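Below: the structure, in C-alpha cells.
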C-alpha cells in the first residue's frame, strides 16, 4: 500500500508526528503503538483483551491507516489478529461510529484507539460486519462468548481465563504426568510406599547373601 505522507500538508504531518510520539511514550492502558518509521500514516498497534470479556488474556494486533484527507476524514482501522466480533469483518475491517459518521477533525488517534478498545467491552450488534457474531450476541450470548474465547485462545495467544497460567489449585496434565513419572517426587510412588520398598530391598539382600554362601560351599566341595 502506498504511503500517504507525501499527500498530507506539512502542518498535519507535524501534528501526527507529535501525537504518535506522545502515544508511544505514554500509551493508553493496555494499548501499545509502534510507529512505522518509513510511513507515519501506517500505525501498528497492539491491544490487550479487556478483563471480564471473552477477549481477556488475548493480545490483538491491529493497524490504523491515515488517508490523504486526514484529519478531515477518519482513519481506517483493521484487526490483523483474527477475532470473532460483530464489528470486525472477515478482512479485519473495524466498524465503529467514531470511524464513520461520528468523526470530527478534532478527534485524535488516542480517542480512536480507546474507542476500539471499548468496542471489545461493548460490541454493537446493530452495525455488525460479522452477522453471525451479531446474531449470537443478541440471541445466545454463551455461544457467542465461547466462540470469541476459542478464537482468542487460538489466535490471540491466550491459554485460558488467566492468560495462559494454570488456575490456582488446578493441576495440569503435564504436571500430573511429571508427578507420576518421578518416583522421587514428594507424595509420589516412592514417598507413599517408602517402608514397603525398604522391606523388599532388605529381603532381596538376604537372598543374595544366602545364594553367595551356597555357591561358596559348592566351590569348596569341588576342591
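Don't overthink the numbers, they just go from 1 along the chain as shown.
From the backbone N, Cα and C atoms, a Cβ is placed for every residue, glycine too.
Feature list (source: Swiss-Prot):
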type	residues	note
DOMAIN	11-157	domain 'UBC core'
ACT_SITE	95	active site, glycyl thioester intermediate
REGION	155-223	region 'Disordered'
COMPBIAS	169-195	compositional bias 'Low complexity'
MOD_RES	174	phosphoserine
COMPBIAS	209-223	compositional bias 'Basic residues'
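Regional average pLDDT for the domain 'UBC core' (11-157) in the model is 94.
DSSP assigns the residue listed as 'active site, glycyl thioester intermediate' to coil, not to a helix or a strand.
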